[in-house]
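If you check Swiss-Prot, you get these features:
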{"type": "ACT_SITE", "residues": "His5", "note": "active site"}
{"type": "BINDING", "residues": "Glu25, Asp27, Asp85", "note": "Mg(2+) binding site"}
{"type": "ACT_SITE", "residues": "His41", "note": "active site, nucleophile"}
{"type": "DISULFID", "residues": "Cys45-Cys51", "note": "disulfide bond"}
{"type": "DISULFID", "residues": "Cys47-Cys190", "note": "disulfide bond"}
Amino acid sequence: WIMGHMVNAIAQIDEFVNLGANSIETDVSFDKNANPEYTYHGIPCDCGRTCTKWEYFNTFLGGLRKATTPGDSKYHEKLVLVVFDLKTGSLYDNQAYDAGTKLAKSLLQNYWNKGNNGGRAYIVLSIPNLDHYKLITGFKETLTKEEHPELMDKVGYDFSGNDDIGDVAKAYKKAGVTGHVWQSDGITNCLLRGLDRVRKAVANRDSSNGYINKVYYWTVDKRASTRDALDAGVDGIMTNYPDVIADVLSESAYTAKFRIATYDDNPWETFKN
C-alpha cells in the first residue's frame, strides 16, 4: 500500500492517486464536543509541505465517497484504503467514546450513504493515544445501533503513538478488537528514525500469536529509506511522494516480492515474510 500522506483537501485526492498512491491518510480534528470538524493538520507539519489545507470533515467525506464509488465521474479504481489520523489530543479521555459515536454517524451518512452504494474503500481508524480505545467501542456500537454492523467489515484500527507493542496489545484487548489491526511506526520526515520498532512489529505480525495484521512506516520520502523499509518487510509506506515509492517498487530487487495492492487484496489478512 502506497499511502499518500496528509491528504486534507478534496483536490489532493486526485493529485496523490495520480502520483501512484492506492491509499491516502487524512487528518481529522475535533471540536470541543467531540464532533469531527475539519480535515486539517496545522503547523508544524512535514518538511516541504503546506500544513494548512483543509475541508469541513463531512464535505471531505463527500469528495472521498465520489472518488471511491464505481460509476462516479471522480472514481479512482485504485484508491482502496483510507487512514483517518484522528487528532484526539484535543479531547478529554472521557470524550473518546463520544468521538467514536459521532465519527461513525458522519461516515455512515456522508461516506457510506447509509449503506446504499456508498464509498467502497477500506477505512483505518488511527488513534494517537492508547487511553482513547473507547473511540473504537463507540464507533462499533453506533454502527450496530444504526443497523449497519456489516460496515465494520470495512474498518480497521491503528494506534499511532509508537507505544510499546505489548501496551498496544492490551489496549486492543480492552476495546475487544481481535483483527483488522494495522500497526504504524514512524516520525515526521524532518527527523530520522531507525527501524527497530518496525522490526518488532513485523516480528509480531509474523509470529503465530501476534495481534498485528499489517505494518506501515511513515513518513518516507527518499529512495534509500524506502528500500530499507521494504527490506524490513513492511506492508505499507506512507509518503509525501507516492511516485518515489512506486519507482522503487518497480526495481528488479522488489518486483518479485511486492506488488501494489488492489481492491481484491484484503487489508486485514496477514502475509508473513
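Numbers run from 1 along the shown chain.
From the backbone N, Cα and C atoms, a Cβ is placed for every residue, glycine too.
Per Cα geometry, Glu25 is the residue among the recorded positions Glu25, Cys47, Cys51, Asp85, Cys190 nearest to His5 (active site).
Listed in sequence order, the residues His5, Met6, Val7, Asn8, Thr26, Val28, His41, Val83, Phe84, Lys87, Ser126 complete the 8 Å Cβ shell around the Mg(2+) site centroid, once Glu25, Asp27, Asp85 themselves are left out. The distance from the Cα of Cys190 (disulfide bond) to the Cα of Asp27 (Mg(2+) binding site) comes to 18 Å. Using a 10 Å Cα-Cα cut-off from the residue listed as 'active site, nucleophile', the recorded positions that qualify among Glu25, Asp27, Cys47 are Asp27. Geometry remark: Cys51 (disulfide bond) versus Asp27 (Mg(2+) binding site), CA distance 11 Å. Distance noted between the C-alpha atoms of Asp85 (Mg(2+) binding site) and Cys45 (disulfide bond) is 13 Å.
Summarising the environment of Glu25 (Mg(2+) binding site), the number of other Cβ atoms within 10 Å of its Cβ, over all protein chains shown, is 27. Separating the Cα atoms of Glu25 (Mg(2+) binding site) and Cys45 (disulfide bond) is a whole-number distance of 14 Å. Once Cβ contacts within 10 Å are tallied over all protein chains shown, the disulfide-bonded residues Cys45, Cys47 are led by Cys45. Neighbour counts of Cβ atoms within 10 Å were taken for the disulfide-bonded residues Cys51, Cys190; the minimum is at Cys190. Cα of Asp27 (Mg(2+) binding site) to Cα of Cys45 (disulfide bond): a distance of 11 Å.
Under the three-state DSSP scheme, Cys45 (disulfide bond) falls in the coil class.
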